[in-house]
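Heads up: the structure comes next, in structure tokens.
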Amino acid sequence: MQRLMLKSKIHRATVTDADLHYEGSISIDEALMEAADLLPYEKVAIYDVNNGERFTTYVITGKRGSGVICLNGAAARKVAKGDLVIIASYVIVDGEEAKGWKPTCVFVDPENQIKH
């Protein structure tokens, strides 16, 4: 049996911008992408802590070290600048691997810099 498991998440990132007229996606600081093992065009779930919205989109690479978390296109209607979001990616694993599965969790400060 296979299971869909949380692969990684960026926990409580601050939305830095929302650009309605840009091609749909979420721009994420490249350093955060690497820490969360996210690739360009990878599907992610977005959970807005402030308003309860939950939706999916795909990742595009933002400037490294900028702290950018920008929702683009239609997704821009689901968030507001300053909202806290959880960005989650999932992976399918077999049942035995799932028993000991541990996702990668990236915690950030209010400027979306990785907490160590």
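Using the three backbone atoms N, Cα and C, a Cβ is placed for every residue, glycine included.
Now, the feature entries from Swiss-Prot:
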type	residues	note
ACT_SITE	Ser25	active site, schiff-base intermediate with substrate
ACT_SITE	Tyr58	active site, proton donor
BINDING	Thr57, Gly73, Ala74, Ala75	substrate binding site
MOD_RES	Ser25	pyruvic acid (Ser)
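Looking at Thr57, Tyr58, Ala75, the recorded positions in this record, the fewest other C-beta atoms within 10 angstroms of the C-beta turn up around Tyr58. Secondary structure from DSSP puts Ala74 (substrate binding site) in a helix.
Note: the substrate site is recorded as Thr57, Gly73, Ala74, Ala75; in the same chain, Gly24, Ser25, Ile26, Phe55, Leu71, Asn72, Ala76, Arg77, Lys78 also have Cβ atoms within 8 Å of that site's Cβ centroid. The Cβ neighbour count for Gly73 (substrate binding site), using a 10 Å radius and every protein chain shown, is 16. In this structure, Tyr58 (active site, proton donor) is part of a beta strand by DSSP.
Between the farthest pair of Cα atoms in the substrate binding residues (Thr57, Gly73, Ala74, Ala75), the distance is 10 Å.
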